[in-house]
Amino acid sequence: MAAESDVLHFQFEQQGDVVLQKMNLLRQQNLFCDVSIYINDTEFQGHKVILAACSTFMRDQFLLTQSKHVRITILQSAEVGRKLLLSCYTGALEVKRKELLKYLTAASYLQMVHIVEKCTEALSKYLEIDLSMKNNNQHTDLCQSSDPDVKNEDENSDKDCEIIEISEDSPVNIDFHVKEEESNALQSTVESLTSERKEMKSPELSTVDIGFKDNEICILHVESISTAGVENGQFSQPCTSSKASMYFSETQHSLINSTVESRVAEVPGNQDQGLFCENTEGSYGTVSEIQNLEEGYSLRHQCPRCPRGFLHVENYLRHLKMHKLFLCLQCGKTFTQKKNLNRHIRGHMGIRPFQCTVCLKTFTAKSTLQDHLNIHSGDRPYKCHCCDMDFKHKSALKKHLTSVHGRSSGEKLSRPDLKRQSLL
């Protein structure tokens, strides 16, 4: 007991904020930066661990390649992407209210869930304010002339900026299955917001006048996510606001989809491919799923072994371990052996380390190179155990066994087959 009383426990309340400030200072001095992000040819120096913790998209890119240079092309301006990445260090984001939708779309592409939630909440708030202002315009004029308190309240609301905060005490929503009653409430909310959008005269939501000035700025304070969620491995789930019914994936699905599709259609020429990412090895990962957000965003990861689907890749990977499967983060293909996954990833990255000394052709696997060398040497090492045929390639033997003998290469011989082979 005496030994336990001698232990002193220190809790540093501002440790996280102080560390982020110091890392941002080091980033500005270009010290210890291990990655360069190119957003529409605009360079952003940063640290992989910080960017991966705040953006699921960036984390997946870092897992796919060890390159120090990652290139991203977005339909929004490069400044939008730069501010989003900078918010990973500062915990705050200044957004002009008329540009909320631009940041919402870009943050959705970068999978910065906490920013998407706050932008969605702010956007829905201003839509509600605009609708109420239209319906009660005459009544408001009468109240302003008769009630000085209401007039002062309106004057206070006409400010240049608004501060929206995510408190550290906000709980982390780790229940990805929305209850039926919550889903019904959410559906009615989304339908009301959609109908309000249709009533507006402007065809594009990002330029619609919803009752604020062009120079007004909305400041989003993004505090650190609760440590309880981090300990449980839930990196992608945001801190929920007081409006618990605003569930991220469904809300984003309803508010972003039509705008993303219209913006992709507006891009002229050969830019209609949408959003994509490029690494230094020259491999591209097209993101055409953004154009089809309405069809598959709610359950982007479908298990190949069971009917379960998942929104976040962390939960999907954890589930695949139960089936003893390995996932390729680039194309979503699964493998039963890790070595096959590594070989598959080398194909994505264009790495072909095995070269034929005769014709200089390169391959991703040593076994493939060996089969290729059989062409030059004339060897036919793969023997059929059912007949006298032999083959240069293992794949040709498998095809022969399946099509001719109706069996797989690993299937054991029956007794008559063994007797026939012994006679031969």
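Every residue, even glycine, has its Cβ placed from backbone N, Cα and C.
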Annotated stretch (zinc finger, per Swiss-Prot) among the listed ranges 118-141, 214-237, 238-261, 382-405: 382-405
Annotated range (Swiss-Prot: zinc finger) out of 55-77, 78-100, 354-376: 354-376
Stretch carrying zinc finger according to Swiss-Prot (options 25-47, 163-185, 301-323): 301-323
Helix, strand and coil counts within the zinc finger (382-405) (DSSP): 12 helix, 4 strand, 8 coil
Long-range environment of the zinc finger (326-348) - Cβ separation under 8 angstroms, sequence gap at least 6: 60, 63-64, 283, 285, 301, 304, 313, 316-317, 320, 364-365
